[in-house]
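Single-structure report; data block below.
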Amino acid sequence: MFQKQLKEAFVSNLNGTSLLEISVGLSLAPLCLLCRGLLLILYYLHCGKPVSSRQYSLLLDFLVLVSPLVFSCTLLSPIIFFVPVILAAFCAGIFSKIYSQRKQETGVSFGQIVKEFQQTYLDPEYIPAITVFRVYVNVLTSISILAVDFPQYPRRYAKAETYGTGVMDLGVGAFIFGNALVCPEVRQKSSVAQPKFSSLARQLFSVWPLISLGIGRLLSVKSIEYHEHTSEYGVHWNFFFTLAFVRLAASLLLAMFPKNKSWILALTVAVLYQLILNTTSLKAFLLHGSSGRGSRAGFLDANREGLFSLWGYLAIYLASVQVGLWLQRCRSSVQGWLRALWGLTRAVVVLLVSLHVSQAHTDRVSRRMANLSYCLWVTAHCLLLLGLFVATDLMLVFTKLLVQGSSVPCCWNVVQPPDSNKKHGMEAMGREDKVPHPCLVSAINKNQLLFFLLANIMTGAVNILVDTVHSKAAFALCILHLYMFLNCSIMYILHAKNIVLKFW
């Protein structure tokens with residue numbers, strides 16, 4: 001019982017960190033992805049073949065895509081503002097080596113390469129930024145849910161008690177945002193006629209695993225008296241229930257309103273919810289309970305945070321549906337995606353300005369209430385991360401044009417223009433090796449729910465077996481790396497055997 005109270009106190013009454021630190025931290029994942037891609041291209045340039053060994057590929061992906069994130073939220077957190085600079089400099093060095101070698105061999109000027117790049121056509125059926133965004137949100141969440149129980153994880157990164165912007169506060173909203181990017185309403189082709197409530201019927205069937213997992217988590221946590229932060233969701237509620245009910249509510253709304261206007265629904269839900277918070281006693285009830293002293297009497301009072309925050313998460317989900325539909329528009333050229341990147345940049349600026357106004361005139365960011373400021377903050381930073389991934393993919397496309405036959409997993413494939421069969425200059429160099437390569441991102445993407453479930457189970461096991469609060473740095477890093485490597489290895493093996501564990 002003492003350990004339970006100690007661990008609960010360790011993650012309670014925190015205030016988060018600055019918006020700037022979180023924004024800087026978001027650049028780490030795209031830089032890791034860029035670094036991995038450049039290393040693969042450099043390897044192909046020197047060896048004339050891609051990395052074919054599954055073991056080496058897994059090791060490379062883990063060391064470059066996952067391990068830096070573990071270090072960044074633990075030992076390197078005091079110098080977090082310098083880590084992106086170091087990674088960017090390393091990437092610049094690799095690119096410089098690739099470019100200088102290819103320039104010696106081909107004699108093509110940089111201006112000619114840029115011109116060819118702008119005229120390059122990409123596979124319009126695949127948007128790697130969406131896949132990578134969803135996978136990295138899952139990976140960062142998995143790292144944080146265990147790392148937060150170790151003292152090496154800065155308390156400012158943990159979930160804020162009432163107001164504040166912690167890294168884990170963003171992770172919850174980003175998980176909702178990522179789910180909506182690939183929801184049936186987004187993936188469904190607009191030209192295909194569907195019964196009005198068919199999507200809702202499918203969602204009713206598809207959310208049963210989430211509800212089952214929510215019930216399973218509730219029973220297991222209560223039966224073993226596992227430590228829990230009650231002010232996150234309440235006594236009985238948890239994130240699995242939130243995911244399920246938000247998906248159902250969104251499907252119901254999108255069955256009644258045009259999905260291409262979902263941003264209007266999102267704004268309406270978020271603003272109305274904030275008005276109710278400001279003009280009624282709901283805010284006081286959410287923060288202090290029905291008695292005004294933190295009571296948990298009755299189901300509504302006991303789970304008030306989880307139940308009422310559904311409105312904020314619903315707004316984030318609906319906003320993400322609009323983003324998903326916009327991203328799915330057929331863009332088959334580099335120029336088209338450069339314009340899309342400019343559109344994402346403008347949207348981020350507008351949302352950040354709106355966030356400043358909202359915090360000044362309504363309320364500060366609060367994940368506990370999922371208020372308007374929280375919705376604006378999450379949406380802005382999710383679009384920022386998406387934009388960084390799009391920019392990373394475009395940089396890798398540019399580099400692949402330099403090295404004939406090179407290929408990077410989970411990156412755009414360069415294709416020939418639909419109205420031309422010509423192959424000249426750098427276009428000829430842009431043709432890729434079509435042999436599929438092993439990839440950790442693809443492996444996690446195939447079994448995302450299983451990855452998240454295993455992370456939760458292993459986190460619970462570590463907390464039961466280990467006194468995390470008093471662990472030394474070396475031990476904590478070993479545990480975190482072993483935990484992530486085991487989970488990633490399981491996904492990698494399942495991917496190699498083409499196994500997708502999905503029962504709905």
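Keep in mind that glycine also has a Cβ here, set from the backbone N, Cα and C atoms.
Computed from a predicted structure; not experimentally measured.
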Among 120-139, 200-219, indicate the range for which TrEMBL gives the feature transmembrane segment.
200-219
Examine the transmembrane segment (473-494) against the transmembrane segment (239-257) and state whether at least 3 Cβ pairs sit under 8 A, considering only residue pairs 6 or more apart.
no
Would you say the transmembrane segment (22-45) and the transmembrane segment (263-286) are in contact under the rule of three or more C-beta pairs closer than 8 Å, pairs 6 or more apart in sequence?
no
As a test: from 57-90, 200-219, 239-257, pick the stretch that has the greatest number of Cβ pairs under 8 Å with the transmembrane segment (449-466).
200-219
So what's near the transmembrane segment (160-180) in sequence-distant terms, Cβ-Cβ under 8 Å and 6+ beyond its ends?
12-19, 22, 25, 73, 133-134, 137-138, 140-141, 144-145, 148, 186, 231, 239, 242-243, 246-247, 250, 287, 313, 316-321, 323-324, 363-368, 370, 374-375, 377-379, 381-382, 385
Per the Cβ filter (under 8 Å) with a sequence gap of at least 6 from its ends, the transmembrane segment (369-391) is approached by 19, 22-23, 26-27, 29-30, 33, 128-130, 132-133, 136, 165, 169-170, 173-174, 176-178, 266, 270-271, 273-274, 277, 283, 286-287, 305, 308-313, 315-316, 319-320, 323, 327, 337, 340-341, 344-345, 347-348, 351-352, 354-355, 358-359, 362-363
Which residues, given as numbers and ranges, are at least 6 beyond the ends of the transmembrane segment (200-219) yet have a Cβ under 8 Å from it?
184, 236, 238-241, 243-244, 247-248, 251-252, 255, 449, 453, 456, 503-504
